[in-house]
Amino acid sequence: MNPQAKLIFTISLMLGTTITISSHHWVMAWAGLEINTLAILPLISKSHHPRAIEAATKYFLTQSAASALLLFSSMTNAWHTGQWDITQMTHPVSSLILTAAIAMKLGLVPFHFWYPEVLQGSPLTTGLLLSTIMKLPPITLLFMTSPSLNPTLLTTMAILSAALGGWMGLNQTQIRKILAFSSISHLGWMAIILVYNPKLTLLNFYMYALMTAAVFLTLNSMKVLKLTTLMTAWTKTPSLNAMLLLTLLSLAGLPPLTGFLPKWLIIQELTKQDMAPAATIISLLSLLSLFFYLRLVYCTTITLPPHTTNHMKQWHISKPTNMLIAILTTMSITLLPMAPMILTII
């Protein structure tokens, strides 16, 4: 892709995100989401592979339907209440339609079918954008409308997302699909706490974005897309592989790593809200995700020689690791002791 074109699309992406997260009027928020969608489409289909074109088409159709629903819900609310302000979403039917629209934008169950397919058809760098920055505007809209959303509906969708994200990731061999189902599972954790403590949803999203960025950039630097190539990638950059092991375990939410912090706080808050059964169910369902993270970890580092493989060993890379990967990986592993400071910030 032409560097100037890539620069324009990246700036448009940042512009669309900024417009949505800083707007008070529904039409401005909708316009920002549309700019975002149009800016990411060329980045998904830049390889001109049939799979990439298919992914871009699926993404466009899903996001268009979600945007239309979002506009419809805001118009219905304005019709009944006379308010276009995002925080004044008080009409119950409008809130239900909005929840469906944003669930479709994010890839929450039962609107999750497009997400693994789109991520599988995209390059790793675009997959990183889809998993992090593209989720920020819809999550911001959920944050702003959280007082008027239906807690029962969100809890149901959250538990289903954690369950399906775990189950459907078990049998995958493509790393991008595994990361897509991991994202669906994490979205469940964000949705379950949204009504009770929206700041925890944002904290969970920031931590998830941090860890996912570290994983995607590491995989991109090692040029790994499948579990079979991951098994022989340790010869390229052994130290980076060891760090990838810890980052994946952090993404799984194991203590004493960073990923444990949002889960710990969410379980604590759910228990305070007399939702111990929901907390128990979603904690048990996160064990399914832990299983496929452990598979990734096993393929990353634990399958060291002597072992039999039909793949040729790859050349050791002497070039230094990207500084950004080093910073993100360190933060993905070591932020748990800073929990008190993070809590005072939020």
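Each residue, glycine too, has its Cβ placed from N, Cα and C.
Heads up, TrEMBL stuff is auto-annotated, nobody curated it.
Sequence annotations record features per position, and here TrEMBL assigns domain 'NADH:quinone oxidoreductase/Mrp antiporter transmembrane' to 23-288. Among the features that TrEMBL reports, domain 'NADH dehydrogenase subunit 2 C-terminal' is placed at 290-343. The transmembrane segment feature in TrEMBL is assigned to 56-75, 95-115, 152-171, 178-196, 202-219, 240-261, 281-304, 324-345.
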Beyond the flanks of the transmembrane segment (152-171) by at least 6 residues, Cβ under 8 Å:
96, 99, 103, 108-110, 112, 116, 177-178, 181-192, 194-195, 275, 278, 281-282, 285-289, 291-292
Do any residues, 6 or more residues outside the transmembrane segment (56-75), come within under 8 Å Cβ-to-Cβ of it, and if so which ones?
26-27, 29-30, 33-34, 37, 40-41, 44-45, 84, 89, 94-95, 97-98, 100-102, 104-105, 111, 114, 117-118, 121, 141
Where else in the chain does the transmembrane segment (324-345) make close Cβ contacts, counting only residues six or more beyond its ends and a cut-off under 8 Å?
203, 207, 210-211, 213-214, 217-218, 221, 240, 243-244, 246-247, 250-251, 255-261, 265
